[in-house]
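Listed features, source TrEMBL:
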REGION    1-65  region 'Disordered'
COMPBIAS  24-39  compositional bias 'Low complexity'
COMPBIAS  40-50  compositional bias 'Polar residues'
DOMAIN    73-427  domain 'Major facilitator superfamily (MFS) profile'
TRANSMEM  78-100  transmembrane segment
TRANSMEM  112-131  transmembrane segment
TRANSMEM  138-160  transmembrane segment
TRANSMEM  166-187  transmembrane segment
TRANSMEM  199-218  transmembrane segment
TRANSMEM  230-252  transmembrane segment
TRANSMEM  273-294  transmembrane segment
TRANSMEM  338-358  transmembrane segment
TRANSMEM  364-389  transmembrane segment
TRANSMEM  401-422  transmembrane segment
Amino acid sequence: MSSLNQLTAERGTQHEKTLEEPATSYTSSTTSIGHGTTTDLESNIPVQDASSDDDIKPEADVTEPPPDGGWNAWLQALMAHLVIINTWGTINSFGIFQTFYRGYLLRAASDISWIGSMQVFFLFVVGVFTGRLTDAGYFRVVFAGGSALVVIGSLTASFATEYWQLFLSQGVCVGLGMGGLFCPVMAVLSTYFKQRRNLAIGIAISGSATGGMVYPIMARQLLPKVGFGWTMRTMALVQFVTLLVANVFMRARLRPRRAGPLIEISAFKERPYLLFTIGMFFNFWGVYFAFYYIGPFSRDILSFPYDSSIDILMIMNGVGAIGRVLPGFLADLFLGPLNVVTPAAMVCTVLLYCWIAVKSAPALYAWAVLYGMFGATVQGLFPAALSSLTTDLRKAGTRMGMVYSIISLANLSGPPIAGVLIKVLHF
């Protein structure tokens, strides 16, 4: 009987302890969540069940490897292609405006180049903010806002008649919109691929070749017939339709990373990341010189008619499709993006020096083909190489945006400096 009483008392004591335990446990041990594990940093932090929040996926979903193919993944690459048409495709087409604005605005080449430089500057510098917002789960908001600014900027530019109006509309407004598109799209696309990432990004970046041919053709056909205003409105319509399609189908894949700094300073302690940033800064300081000034060079030095000056720009942009896709394919199979983009940047440097020897139309066409291919390789594999330096894809937007913001200073100052040199040296 005494043993029975003792057993009953022990069960009662255990039952009371169970009732006194709080709903949330406090522990310093490793706690399993889904298929992954997380370790609490302090013993007095409550561990809550992640499955209680319907909006948060299990941690295992975050570390799940990219699909690296399939219908949805390649659809994202196609949508990114449409976006790049209206970012880098527009930028690579600025040579048509560089030539046209000299007669339309009666301003120096260095003044006009500031409009295009502002586009590239904001495309990169805004990336430090839009990249972090993408990581935090605001991709759709940033993407929609950037699309709206690009269309609004092009539309308002169609009514501009003075330099400052075009600077604010086509330079600042469109540039800010591009900043809301490029970095987020590259960050999202990189999360869908691993082994085929360079090829996928190359397909996306080849949109700069598509836009670099479409927009100059539109300008050549429309400017003499309907004038500058309706040409810009037609371009704005193309931007609206293509970006609307991209907004409908493009989706972020990973769970948002809410916590974390805007700038991850520790990334610059990684030697490959730091050296890549420095190298790309100097590379982009001069890479767009040819895209901006090959049109004026063909007209002023080689006496090309206006239509032919647009043709040379279209050829240089058109061959860029090969320079973006094929090197990406080779980088995936054999070499890796860094081992392809580095020699391509060196070849671009040599070709810029070789431009000095171009004295005839056939030589200029041949030079444009070569520079278009290698310049496209640099532009196309630059995001892929940068993505390869990031192991945690949840930080892809942040780490890309950091490099983009630094490179923006090179893109802002490079073409205007070139314009001043042309004026001083009577190029």
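Each Cβ is built from the backbone N, Cα and C atoms, and glycine gets one as well.
All TrEMBL annotations are machine predictions without curation.
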Could you check if the transmembrane segment (138-160) is in contact with the transmembrane segment (401-422), meaning 3+ Cβ pairs under 8 Å among residue pairs at least 6 apart in sequence? no
Is the transmembrane segment (112-131) in contact with the transmembrane segment (199-218), using three or more Cβ pairs under 8 angstroms as the rule and ignoring pairs under 6 apart in sequence? no
Along the domain 'Major facilitator superfamily (MFS) profile' (73-427), what average pLDDT does this model show? 88
Mind checking which residues reach the transmembrane segment (230-252)? Cβ under 8 Å, same chain, six or more beyond either end. 75-76, 79-80, 82-83, 85-86, 134, 137, 139-140, 143-144, 147, 150-151, 154-155, 157-158, 181, 185, 188, 191, 214-215, 218-219, 222-223
Mind checking which residues of the chain, 6+ beyond the ends of the transmembrane segment (401-422), have their Cβ under 8 Å from one of its Cβ atoms? 108-114, 116-118, 120-132, 182-183, 263-264, 267, 273, 276-277, 280-282, 284-289, 292-293, 386
I need to check the long-range neighbours of the transmembrane segment (112-131): which residues 6 or more away from its ends have a CB within less than 8 Å of a CB in the stretch? 87, 90-91, 94, 97-98, 101-102, 105, 142, 146, 166-167, 170-172, 174-176, 178-180, 182-184, 187, 262-263, 288, 292, 396-402, 404-405, 407-409, 411-416, 418-419
